[in-house]
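Everything below concerns the one structure shown next.
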Amino acid sequence: MTNVSGVDFQLRSVPLLSRVGADRADRLRTDMEAAAAGWPGAALLRVDSRNRVLVANGRVLLGAAIELADKPPPEAVFLGRVEGGRHVWAVRAALQPIADPDIPAEAVDLRGLGRIMDDTSSQLVSSASALLNWHDNARFSALDGAPTKPARAGWSRVNPITGHEEFPRIDPAVICLVHDGADRAVLARQAAWPERMFSLLAGFVEAGESFEVCVAREIREEIGLTVRDVRYLGSQPWPFPRSLMVGFHALGDPDEEFSFSDGEIAEAAWFTRDEVRAALAAGDWSSASESKLLLPGSISIARVIIESWAACE
């Protein structure tokens, strides 16, 4: 529930990619025999080179693993179990055409899925994208450059000679809504974005830095504001290719002037709650929209944070 106070509020909903819909069954990652035993009846998620999957009627389309091979290939990653205990694996492979013409299947990447997916599908696609992206770029050890091979059912890679094991890298980043504690919030437009497209301020956490310190530093660097009372809201995996977005809100002073020193931000402005509500009512980002303010798509934690603040009274 959203707090009615303008100074503090909570997320009204869990971001799509943060929802839990499948059992990760992580114990099976170290018991490859047990994981492989479920292969004959397992489901297979194909993710192509453009990180697209097949989706129909709000669900990701899963094939039969046994049609790919009689056992899990080395490059397959184990995603867990869905309802009924069925195992699900993912591979980087071309998408298979659907034989049934009555199934309205389309190839969509994770950014374009929006709210068309159920919780289980979003979790499976998010995990598969993150893991497969990592495997694509981690075939050699970060320690000594030696070739590595998949282990733990795709959740790590090992140097077969030394036994050195490496795990998927995650890059934490903060994302923050700056508001005045009353009726206004800051939204900014990156230099690479079209006119009217605004979102929250975000940036990667540096070595030796806390999330809260990162929030203050990034906002100061990007728009020149000094913020205080930084408060945590929630988090969301963002596998593009390997980020974890950690959401906050913080107080800022509308009388302080903006400054843009690092070149990332083209403009920033204070928007009233009514202006944001009107933009939300107009829908997701779209250059064809007639809205004066275009906001992030529904898949992002930025959208959920903005919606939650806008709902405050």
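Cβ coordinates come from backbone N, Cα and C, glycine included.
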Give the range, chosen from 71-92, 115-136, 203-224, 225-246, that Swiss-Prot lists as motif 'Nudix box'.
203-224
Which one, R52, R59, R111, R139, is listed by Swiss-Prot in the same substrate site as Q236, P237, W238, P239, F240, P241, R242, S243?
R111
Check Swiss-Prot for me: it has E218, E222 binding divalent metal cation 3, so pick out which one of E166, E257, E264, E267 it puts in that same site.
E264
So Swiss-Prot lists E222, E264 for divalent metal cation 1; which of A182, A185, A202, A302 goes with them?
A202
Nearest to S243 (substrate binding site) in three-dimensional space, by Cα, is which of the binding-site residues E218, E222, E264?
E218
If you measure between the CA atoms of P239 (substrate binding site) and E218 (divalent metal cation 3 binding site) and round to the nearest Å, you get 21
When you measure from the Cβ of E222 (divalent metal cation 3 binding site), which residues in the chain that are at least 6 apart have a Cβ under 8 Å away?
A188, L201, G203, F260, D262, E264, I265, A268
Between P241 (substrate binding site) and E218 (divalent metal cation 3 binding site), find the distance joining the two CA atoms and give it rounded to the nearest Å.
21
Most isolated by CB count within 10 A, of the binding-site residues P239, P241, is P241
Average the per-residue pLDDT over the domain 'Nudix hydrolase' (168-293) and send me the rounded value.
93
How many Å lie between the Cα of R111 (substrate binding site) and the Cα of E218 (divalent metal cation 3 binding site)?
24
